[in-house]
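Student: Could you have a look at this structure, given as structure tokens, before my questions?
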Amino acid sequence: MAVLVGLEKSVSRRTTAAAVLLATAAALTACSHEAPADGGAPAGATPPSKHAVAIGRGGAVSSVNPYASKVGLDILRHGGNAVDAAVGTAAALGVVEPYSAGIGGGGYLVRYDARTHRVDTVDGRETAPSRMRADSFTDPGTGEPMDPSEAMDSGLSVGVPGTVKTWQEALKRWGTLSFAKAVEPSAALADKGFVVNEEFRAQTEMNEKRFRAVDPTRELFLPGGRLPAVGSTFRNPDLARTYRLLAQQGPDTLYTGRLARDIVHTVQHPPAAEGHEGTVTPGLMRLGDLDSYTAPTRRPVHSTYHGLDLYGMGPSTSGGIAVGEALNILKRFSVSNGDKAQALHHYLEASRIAFADRNRWVGDPSTVHVPSDKMLSRFFAKDRACLINPHRALNSPLAPGDPNHSDHACSAGKGARQPHEGTSTTHLVTSDRWGNVVSYTLTIEQTGGSAITVPDRGFLLNNELTDFDFVPVSPGTYDPNLPGPGKRPRSSMSPTIILKNGKPCLTVGSPGGATIITTVLQTLVNRLDLGMSLPQAIAAPRASQRNAAQTEAEPDFLALPERKALERLGHSFVPAPRTFTPRPEIGAATGIEFRPDGTVLAAAEPVRRGGGSAMVVDPVH
Ligand code: GLU
């Protein structure tokens, strides 16, 4: 049960334009900038001060939430490294951002090692139960795909959670803290509580109907049957106990012990509220599915841009490949030549092409062959770049290219419709005094996940399996992202680390479902081509072209002077869908830039999702 206590001072919304202005004019050299700084206050019910930009030394954290960043910062201050801080921050996000992240979900962690200069990754993506089949999300009578809203609020969409295994794997390989020490501050935070802000309330409100349909979810997130009031303190003692159970019994208890049994029982018997019995479809998960779960370390995908080395997450996410392919295409043009309308045109076209290709070729590498290297080759980029006409936008849906065979014809065929993909998730970045870096995106899929809380355990289960294509996207063509036993659904998460001469230069990532790819790509184009500082690149208005006839855009993008020129080229814009704020938003990025003078600049969103929180260990003012 959550505990709501009184009304406290409302969280002040600081930053926005001020932080961005403070972040100074853009430098012309890639990865070198100016901007201000901050630390924070102790974790607990009083919110730490929140700033979208921080500059300093000794390590940094940037996340969507000041309580979470503060937990990570404290770990760094006490001698922990970037991995320790990333796990600590993620565990705290499970407390303060429970609708976007938590131990009921999964994610991808990319890590740079300052000693070896290697980049490694952990694939903590959820897996489908062994009983899942290609047609599990179709109506057996008609063969039609299940209604997405029915699938979203069901046990059927719950994948085997990978987050705890990710933390265990990362700490074991690269951390200095035990699992128990890494999660203890977050257990304390869950006990002590956090002050509800407008964002948390809005996200709860958006989920209210779903949450009311599931008893333990209603009890936890609608305490007293009501939406949590802004300014009140939200406590989650169940989650505190769960973190302590994991600390005492070890993380394996989520896979083979008491927590595993609780998860499986909940998935098989979703605890519907009175009047909602029979409306929540049970899932297929069994104990063996949890027991056999692994979070493998994988080679990152690699590409280059302007002499920089980009390391991204490979399949089972499409993020690293799509961002890398789009940049490979862009580098064949003079995007930084000062014509911003042309730069945006090329950004949108490269994204359109990369989406056509990722939809056709990327799936779980343990069950399908993904031609990652070929998709990131310069030969494929040349074939695909050839389609871009500076005077005319391509038509969507555009057909995918074939990375296995060169297309000398340069032909733009008609492709398949885009699969449905939602928007939620969270991204954090950390660095430490030794120069290690972590870029970590984690999620429970849609905001509020499956809406199914594990009774008395204080966390929501994911609905990640809705990221599978329920039926082939293009009838008659092999679809690498159909459901299957033990399979990971294709993701868009794109945690990215960029090196310059073998040393970190920039790290970035974002939430936002399929718009994660475009947000990361646009942020990099803004930073590396359009002369913006990192805070400006993160704050700039966004547009997201995902091989659709219309490009989704934020209101500020629609107000850009370049819009008319883009429309003359044939681009058609539509406002991005509203999520939980009155204004449509795309993504909510965080990043760190490593500057030539040895300082780091940590940056978070100034406005989106209520504004994020960047902190450094030793601020320079
Ligand atoms: N399920 C999404 C993905 O893996 C992330 C969740 C979201 O942001 O919607 O790409």
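Each residue, glycine too, has its Cβ placed from N, Cα and C.
Note that the coordinates shown come from a computational prediction; the quantities given were computed from them, not determined experimentally.
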Student: Per TrEMBL, what member of Arg118, Arg125, Arg131, Arg133 joins Asp467, Ser491, Ser492, Gly513 in binding L-glutamate at one site?
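Tutor: TrEMBL names Arg125 for this L-glutamate site.
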Student: At a 10 Å cut-off from the C-beta of Thr425 (active site, nucleophile), count the other C-beta atoms across all protein chains.
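Tutor: By my count, 29.
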Student: Quick one: largest C-alpha distance among Arg125, Asp467, Ser491, Ser492, Gly513, binding L-glutamate per the record, in angstrom?
Tutor: 14
Student: Could you tally the C-beta atoms, other than its own, that fall within 10 angstroms of the C-beta of Ser491 (L-glutamate binding site)?
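Tutor: Around Ser491 (L-glutamate binding site), other Cβ atoms within 10 Å: 32.
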Student: Please report the Cα separation of Asp467 (L-glutamate binding site) and Thr425 (active site, nucleophile) in Å, rounded to an integer.
Tutor: 13
Student: Are any of Arg125, Ser492, Gly513 (the binding-site residues) within 10 Å of Thr425 (active site, nucleophile) when you go C-alpha to C-alpha, and if so which?
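Tutor: Of everything listed, what lies within 10 Å of Thr425 (active site, nucleophile) (Cα to Cα) is Gly513.
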Student: Can you tell me whether DSSP puts Ser491 (L-glutamate binding site) in helix, strand or coil?
Tutor: strand
Student: When the region 'Disordered' (123-157) is classified with DSSP, how many of its residues are helical, how many are strand and how many are coil?
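Tutor: The region 'Disordered' (123-157) comes out at 8 helix, 5 strand, 22 coil.
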Student: Please report the DSSP secondary structure of Asp467 (L-glutamate binding site), reduced to three states.
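Tutor: Where Asp467 (L-glutamate binding site) sits, the three-state DSSP reduction gives helix.
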Student: What are the helix, strand and coil residue counts for the region 'Disordered' (397-428) according to DSSP?
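Tutor: The counts are 0 helix, 5 strand, 27 coil.
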